[in-house]
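Over in TrEMBL, the protein carries these features:
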type	residues	note
TRANSMEM	6-26	transmembrane segment
DOMAIN	93-135	domain 'TNFR-Cys'
REPEAT	93-135	repeat 'TNFR-Cys'
DISULFID	Cys94-Cys109	disulfide bond
TRANSMEM	230-253	transmembrane segment
Amino acid sequence: MAQFDTLIWTITIILVFVSIGCSIACGRAEYRIGDECCPMCWPGKDRLFTSYDSPDDNTSSTLTEKHDIVIFSSPGNHVHRHCTEFTSTSCAPCVDSTFLDEPNGLIKCKVCINCDPGLGLKVKQPCRPSSDTVCGTLEGFYCLDPTKDGCRAAQRHSSCKPGQYINHTGTISTDTVCSDCTGDTYSDGSFTSCQPHTQCKSLGLQELRPGTHWSNSECGPQSSRIEPRIIIGVVASVLIALATITIILRRIFVILRKKRSLTTVTFSPVTVNAVEIQALTALIITRNGRTRSCSHL
């Protein structure tokens with residue numbers, strides 16, 4: 001008998017707690033404010049909501065009589081005034097680049113994201129009261145942080161260096177893939193495949209500059225370039241000619257200097273040249289002749 005009484009009390013307590021829990025819990029289409037379960041503001045709905053009807057067909061309503069008729073406006077809405085014991089929730093639409101895309105009991109809408117071109121983003125779908133902005137990637141960028149419908153951050157496609165070609169062109173979701181040129185081929189970094197070097201000889205031209213992995217061969221007419229050995233020969237010939245002329249001029253100068261020294265007689269302390277000596281001799285002879293003729297008289 002005592003065990004039966006204990007069982008009865010246990011069941012009674014459980015039922016009390018279940019009753020309290022049921023009275024406290026709010027429906028999936030409601031939110032709690034104090035002791036009240038208020039209807040949520042729904043985005044994208046435009047119909048009457050009664051205590052026997054829920055926006056979610058699989059969710060049973062637990063609204064009381066004060067919630068019997070609630071109008072949900074379209075599109076995104078936020079709570080303008082919470083419900084009371086006698087009034088239902090008052091909702092207002094989102095404005096000024098704000099949105100709410102799910103049932104809520106929020107008093108403010110969420111701010112729409114900004115598609116920053118500095119992050120390689122552009123607007124793919126503009127902000128609406130019931131949906132956030134959807135960003136896409138700018139031309140020449142690929143997405144680093146994809147979302148369900150767009151992208152949160154992007155990066156510019158890599159540029160291939162000279163000597164590399166574009167193996168795989170970058171897309172909105174993948175970066176550019178570069179590969180190196182090999183053999184007698186080249187690319188300036190913008191080619192989708194390495195190009196063979198131009199064969200100057202096959203075109204009847206002279207190779208002015210050999211090709212590299214980043215540049216093509218440079219060709220020109222056969223007479224457009226003087227061979228280095230010819231330049232060296234010309235320079236050497238000019239130098240030899242100048243040296244020969246210098247030696248000859250020095251020898252001529254030495255010879256002239258010697259001849260001049262032979263025709264000059266030096267007296268100490270006076271130097272008299274040969275012409276002056278001859279004139280002086282003639283003068284002496286003339287005077288001597290006059291002296292002799294006078295003595296005979």
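Placed from the backbone N, Cα and C atoms, the Cβ positions cover glycine too.
TrEMBL does not curate its annotations; it predicts them automatically.
Mapped onto DSSP helix, strand and coil, the repeat 'TNFR-Cys' (93-135) counts 3 helix, 15 strand, 25 coil. In the shown protein chains, 23 other C-beta atoms lie within 10 A of the C-beta of Cys109 (disulfide bond).
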